[in-house]
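Engineer: Okay, handing you the structure first.
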Amino acid sequence: MRYITARKRALGLGSAKTGTEHHWFMIVSGIALVGLVLAFVLIFGRALGSSHEEVVATFSRPFPAIVALLTIWVGMAHFRKGAQTAIEDYSRGITQKALLILTICVSYSVMAAGLYAVLRIAI
Amino acid sequence: MADFNRGNRPLSPHLQVYRPQITSVTSIFTRITGNALIVAAILIVWWFLAAAKGPEAFARADWVLTSWIGDLVMTLSVWALWYHTLAGIRHVIWDAGRGLELKTAERLGLAVIGGSALLTLLTIIVV
């Protein structure tokens, strides 16, 4: 018997060397998102359709602002890696590279824009 | 000449040769819903940016998101979100080595379909 966990033993193996890390990231971010999304849907759903002052007031409060920040941050990181898996499954060569670059750029742009906007409202 | 036939080997059978099953279809939809959620993400971030900018920009974004087409996209996205969440939980259960018996796996698939519909209705009622 080896005194090492199953995940530790798989880390760094496979052709890409990062598959285990990638998979583990999806599990952790996915479980985190279950709680975040639940809170975000309630907060955002209530805010959508109300006036500008009400929206600014809502996201000036710490809890709604932090939930929105974390949902955008973790959500886009989860999307970036999830979409990467799909692209790597269905496309090859230059198409695959172009799609990966596009996905990563879009993910970080949406993440940055969202974080900036919520911080701008909150502070 | 080790690379003589690289990339031109026969492929193993893929999706098109299998009859659709509850397990495979619900799995494929996990991927579709996950990727489709980028549309809602972009719209919501745009809404936040507009709110940060000022009342006029906000009025424009809010009008789009609460129009009938915005309502349609948001409602479908809520379903996609719950579906992806439940299906993701199912994958975590499978990763733990549980629920892999055919009967249980099929029941989990039906639970994902039913659960996502129920949660969508609940969201529409509560929010």
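The backbone N, Cα and C atoms fix where each Cβ goes, and this holds for glycine too.
What TrEMBL records for this protein is below:
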TRANSMEM  B:28-48  transmembrane segment
TRANSMEM  B:68-87  transmembrane segment
BINDING   B:H84  heme binding site
TRANSMEM  B:108-126  transmembrane segment
Engineer: Which of the three DSSP states, helix, strand or coil, fits the residue listed as 'heme binding site'?
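Structural biologist: Looking at the DSSP assignment, the residue listed as 'heme binding site' belongs to a helix.
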Engineer: Looking only at Cβ atoms, how many others are within 10 Å of the one on the residue listed as 'heme binding site'?
Structural biologist: 26
Engineer: Using a Cβ-Cβ cut-off of under 8 Å, list the residues of the same chain that are 6+ residues beyond the ends of the transmembrane segment (B:28-48) and lie near it.
Structural biologist: 15, 58, 61-62, 64-65, 70, 73-74, 77, 79-81, 83-84, 87-88, 91
